[in-house]
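Read the structure below first, then the notes.
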Amino acid sequence: MGAILVVLALLSLLGLGSANLNPLDHDPCLDFDPENCTLTFAPDTSRLCGVLIKCGWDCRSVEITHNNKTWNNTLSTTWEPGVPQWYTVSVRGPDGSIRISNNTFIFSEMCDLAMFMSRQYDLWPPSKENIVAFSIAYCLVTCIITAIICVCIHLLIVIRPRQSNEEKEKMP
């Protein structure tokens, strides 16, 4: 009995026993849902609508295809009337198999809404008046954010307790 225990101990120390088995790494591509993508819309020109499609940052083998453009994980494309209202998401598994999902989305309604909202608030198409307003607003917001950061850094430096080594040694 003692000899068997010695042999098992030596096998486990040498890595030949079952005590040294490593669990398989979890592949995020196995759980990836090709239909769970994020779409963002913005006016690109007076007629085109910019579309940003993001899918699966955890899985590197995701390919998105729309209007003959293919890219990994994020695809920036444009939509206009006549362009297909679907995009394809394909995920390559660890065994080489490919899962494909053809997603149909209401590009026309979302782009119409984005264009309508930008036109309603005179944000699109750009004009001299709103470009100047945007530039001034951008400069003001940048100055405010910079001031907030400077105040925070100043407060961090001023409020931080300054204890010398002698004071630390006197503490109980």
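Each residue, glycine too, has its Cβ placed from N, Cα and C.
Disulfide connectivity taken from Swiss-Prot links CYS55 to one of CYS29, CYS37, CYS111, namely CYS37.
The cysteine that Swiss-Prot pairs with CYS49 in a disulfide, picked from CYS29, CYS111, CYS139, is CYS111. Secondary structure at ASN36 (N-linked glycosylation site), taken from DSSP and collapsed to helix, strand or coil, is coil. Classification of CYS111 (disulfide bond) by DSSP places it within a helix. The shortest Cα-Cα distance between CYS55 (disulfide bond) and any of the glycosylation sites ASN36, ASN68, ASN102 is the one to ASN36.
Rounded to the nearest whole angstrom, the C-alpha distance between ASN68 (N-linked glycosylation site) and ASN102 (N-linked glycosylation site) is 14.
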